[in-house]
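Notes follow the structure.
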């Protein structure tokens, strides 16, 4: 009968970094489940292959780091050396003898001659020993004797520096003092002279090794994408948080629908756009809308700035583009969002002067990746820019960023919706009217409205109010539009009178021009850097077209302040510089761009940028598309428009001289005249009166010589 063979136990292999699994886990690994479902955060957006095994797979943290059967090796640390040195110094301090009195060599000789020395140890540089404290009252200083007797009674230790004294030994022998030779104790200085340089060298060496190792690691990671990944609902933004841009939300809802149900479009043979370009002015909500799309679709969201691609090393930008798209393929369906695309996708230079080889190579790699990208993989590329005119045409062609979503500044209804979103966490007073506030903020983008609400809340908190009132919103609007109010400056009374008539001239002309915007406030309180006063006009509705008659009325309002100064004082000031500049620009646009000149006809005469410098970032030299004689005709037409406006304004102010004087007097008294006060003033019967004498003690800002700036409700 054959003996059963005895099985030898096999040597247990050392398996580092493996999972400790039971039989069920082993079966799961055979089936291909190598990833713990609970660690899916490392691979966001990818569901586990077998959800039923989610609770059965476990990692042994010790096994992942190191085999527990192996002894851990102790690593040498610089702290060991430092602790040892400190311990040695502590031992020396603790076990040293009692207090040692340091005395001059002359006192040592006095004690020797008086026979008070007990024993002496003579070293190379110092002499130490003990002496008797009895009968030394007249030998040492009184303060020193008191200190010695406080320390100890009887014999006391001393120390003194050795002086070249050849008769010292003879004197010690004559005094019958026991003395010995003693070498100096240099062990501490010797240790420090060896250990300290070694410690410094070791520290520098360790620091350099770590820096080199870190640099090597960073060099390996330099080509990796720097995109921030937000998983599913981590963006924290949905379409409910976006208001005032309903058209853009409707346009992007198709993207959300594709990411949620791609088969719906693929079944009919449709393909979702590969790239979506969000175009709009700063603050219109481009980045917010992209996050809302990712939050609605519930997919990973890769966020990266256009400037993050380019580094100081050549080729890094292209490598990061490749790595970004490679990561996106593994996380599909997902969204890649590139903010400030113009930093990366600027038009490639036509010549070698303005070329940027590294940026252009990065752009080329982006074009290649987008061109070879399969739109059915579920990866949507979104980008945002506020300068679409400088983007490379190859980037905007169909097949890349083939869908452009324009985000315009919100209209009246949109501004009201945006305000409702931003005031959700703000305690509002009952009289706050968001519709009225939206009407007073034409041209405000979403970021501007958010800033307005925040400023109003801060002003209310500064005044210790329990809720934000409408007055806080009015003050916040004035701060944003006109700048910080400066009441503490003392202004020359004559200059204050000039500013009052200047602003009154604007207001009177605006009230007598039916097509001009309505005056909402007139103030002679300085604001900001250069505004010594302002006349605020608020349009009653959003306007997208302006007629020639409306532009002429606006010209009249701009010249109202200058003509009022000339009419009242017979002289003009520098305060109208900004008015004249804006009036000249408006008149030139009417002639060169809008075709509103009878002499020049319907042709446009804009200065065109030189295409040689397009997209190079260099200063673009404008070239005229018309002759010198045409330029002279344009200048003549501009002067003609301004002269005609000046005559109309002068006629209006001369006919309303009484109201002009009265409104200026009212401004000198109240400093700020709102719409309610202005209506009462215009409806009241005004008696003619001479120009008012300004009050000298009214606090205002000093004359700066800078032009005043009127807010025209922009």
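Numbering starts at 1 and runs along the chain as displayed.
Backbone N, Cα and C atoms are what each Cβ position is placed from, and that goes for glycine too.
The feature transmembrane segment, as given by Swiss-Prot for the ranges 147-167, 168-188, 189-209, 210-230, sits at 189-209. It is 76-96, from the ranges 34-54, 55-75, 76-96, that Swiss-Prot records as transmembrane segment. Range with Swiss-Prot annotation region 'Disordered', chosen from 661-687, 688-714, is 688-714. Among the candidates 433, 448, 571, 579, the one that Swiss-Prot lists alongside 502, 506 as binding Zn(2+) is 579. Helix, strand and coil content of the topological domain 'Periplasmic' (97-188), in residues and according to DSSP, is 28 helix, 27 strand, 37 coil. For residue 506 (Zn(2+) binding site), the number of other Cβ atoms no farther than 10 Å from its own Cβ, over all displayed protein chains, is 30. Residue 503 (active site): 28 other CB atoms within 10 A of its CB, across all protein chains.
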